[in-house]
Amino acid sequence: MAARTVAVVLAGGLGERMGAGRPKQLIEVGGRPILAHAVAAFDAHPGIDEVLVVMAAGHLREAGVIAAPFRSVTGVVEGGATRTASTVAALRVLEQHPGDARVLFHDAARPFVEAPVIDRVLAALDGHDAVAVGVPSPDTIVVVEDGVVASMPPRETMSRFQTPQGFRLGTLRKAYELALADPALRATDDCGIVHRYLPDVPIRVVEGSERNLKVTQPLDAVVAEHLATEDPP
Ligand SMILES: Nc1ccn([C@@H]2O[C@H](COP(=O)(O)OP(=O)(O)OP(=O)(O)O)[C@@H](O)[C@H]2O)c(=O)n1
Ligand SMILES: C[C@](O)(CO)[C@H](O)COP(=O)(O)O
C-alpha cells in the first residue's frame, strides 16, 4: 500500500469531567456535535487522505451517523478504556499501512482545530518522525510534590500541548510495542509514549492556537458555543 496520510479522531472517552450523561463529543455546539466539527476539519484538509474515528463503546451507531457525510472517513471503530488503548485500537486498523505513512492523532474533544495548525504538523513531519502542537503558557507552571513547590521551570520553556500530534507510523508502532511491554505504562498522550520509550526521537513542537481548546469541563462547553458562533478570525 502506498504511504497515505491518515487522521485518527479519538472519540473513545466518556466525558466524565463534563458530566453530561453521555460522551461530550456527542454534545452540540454551534448546531452540530463536537465530533462532527473535529472530523470536518480533517475531511476538508487537502493534505489528509483518510479519517478514522475511534468511538466509545456503545456509541458506534451514533458516531457512524455523524461521520457518514464526510467522504474521507474510512471507518468508525471501538476504542478502549484509556486514551492509550484507543490509540492502540487505531494502530490495529492501520496495520496494512507502511511505516512511512503519516498519521495524525487528534482529540475529538478539540472541535476548532484550524487548517494552519494541521499544515504545520504535516510540514514538520517532512523532517521529524514525531510532531507535537503547543501553545505558550500564560501562567507560571510549577511542579508540586506533597503539597509544596518542588521546582519552578522557567515559564518561557513551558508549552501546553494540544493535538493533532503527528507521527511516521513506523516510529509510533515501535514506541507502542515497547510501551505495551511495560507493566508501569502511563501516558496522557501519544507524544508521551514516544518521549518515554524512544527518548532519542526528537519531538518537534509547532505552534498551536488558543481556539484549539479541549472541551473538558462544563465551562469549556460555554466557551465552545461562543467560538462556534462567532465570526471566524
Ligand atoms: N478511552 C479513551 C479516553 C479518551 N479518548 C479521547 O481522548 C480525547 C481527550 O480525552 P479527554 O478530554 O480526557 O476525554 P474523556 O476521556 O472523554 O474525558 P474524561 O476524562 O473527563 O472522562 C477525547 O477526545 C477522548 O474522547 C479516547 O479516545 N479513548
Ligand atoms: C493530548 C492532550 O490533549 C494534550 O494536551 C491531553 O494530554 C489529553 O489529556 P486527557 O486527560 O485525555 O484530556
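Here the Cβ of each residue, glycine as well, is placed from N, Cα and C on the backbone.
Summarising the environment of R17 (site 'Transition state stabilizer'), the number of other Cβ atoms within 10 Å of its Cβ, over all protein chains shown, is 13. Classification of R17 (site 'Transition state stabilizer') by DSSP places it in coil, neither helical nor stranded. According to TrEMBL, the feature site 'Transition state stabilizer' maps to R17 (among others).
The Cβ of K24 (site 'Transition state stabilizer') has 28 neighbouring Cβ atoms from other residues within 10 Å, across all protein chains displayed. Among the features that TrEMBL reports, site 'Transition state stabilizer' is placed at K24 (among others).
Spatially close to R155 (site 'Positions MEP for the nucleophilic attack') yet at least six residues away along the chain are S137, D139, T140, I141, judged by Cβ distances under 8 angstroms. The site 'Positions MEP for the nucleophilic attack' annotation in TrEMBL covers R155 (among others).
Residues or ranges marked as site 'Positions MEP for the nucleophilic attack' by TrEMBL: K214 (among others). If you take the C-beta of K214 (site 'Positions MEP for the nucleophilic attack') and look for same-chain residues 6 or more apart in sequence within under 8 angstroms, you find D107, A109, R110, Q162, D220.
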Alpha-carbon spacing, K24 (site 'Transition state stabilizer') to R17 (site 'Transition state stabilizer'), which is rounded to whole Å: 9
Annotated recorded sites R17, K24, R155, K214, filtered by Cβ under 6 Å to ligand 2: K214
